[in-house]
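J.: Handing you this structure, nothing more for now.
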Amino acid sequence: GICPRLPTTEFADVTADVYPLQTKLYYVCDPGYHRKASTYPGIQCKSEQQGAVWEYKTFECLDEKNLLSTAPAMELEVTQKPEREPRSPAPHKQEDFLESKPKDFCGPPKTIPHASIKLPQKHYVGQVLHFKCQAGYDKRPPTSGSRTCKEVNGKIIWTPLDMRCTNDS
């Protein structure tokens, strides 16, 4: 099932260790870089024989400064990469270190140079999100906590978060 909208938590950073099936995530290029044309930033957690795995497409962030001077050279490098990409063991390496993860959950997605992951807009039952107060707003404990999206009596809810991030002492 799909979770209700996540209540906003001011001055807190949100992370997740595992993601339920169907979850879609998107890579975003860091400042000073932009997405290579014809590459897709989205990935999805799918069920395969070996369990839940991320389905990747080719995605690349290019340095905006080097773009004009090395355009032809960049093209050469890139045309060879996709052939090797599908056979790359990278996604499985990421999966291995999370031995304790439940079968229907994907571990953290693989890292891509000069890119970060945006938290999903849509969450699914079973998702656990970790909250940590940002520096300067962590004066009053508890300064971290987590929320779980679960089904209770046929209703899908987020568990309450027992923390507030504030900068007053």
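A Cβ is built for glycine as well, from the same backbone N, Cα and C atoms used for every other residue.
Automatic, uncurated: that is what TrEMBL annotation is.
Found this in TrEMBL, in case it helps:
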type	residues	note
COMPBIAS	78-100	compositional bias 'Basic and acidic residues'
DISULFID	C106-C149	disulfide bond
DOMAIN	1-63	domain 'Sushi'
DOMAIN	104-167	domain 'Sushi'
REGION	77-100	region 'Disordered'
J.: Relative to the Cβ of C149 (disulfide bond), which residues of the same chain, six or more apart in sequence, are found under 8 Å away?
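T.: Within the chain, C149 (disulfide bond) has Cβ neighbours under 8 Å at C3, H123, Y124, V125, G126, Q127, V128, I156, I157, W158, T159.
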J.: When a 10 Å sphere is centred on the Cβ of C106 (disulfide bond), how many other Cβ atoms does it contain?
T.: 26
J.: Of the residues in the domain 'Sushi' (1-63), how many are helix, strand and coil by DSSP?
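T.: The composition, in the requested order, is 0 helix, 31 strand, 32 coil.
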J.: Residue counts in helix (H, G, I), strand (E, B) and coil for the domain 'Sushi' (104-167), per DSSP?
T.: 0 helix, 28 strand, 36 coil
J.: If you average pLDDT over the domain 'Sushi' (104-167), what do you get?
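T.: Summing pLDDT over the domain 'Sushi' (104-167) and dividing by its length gives 94.
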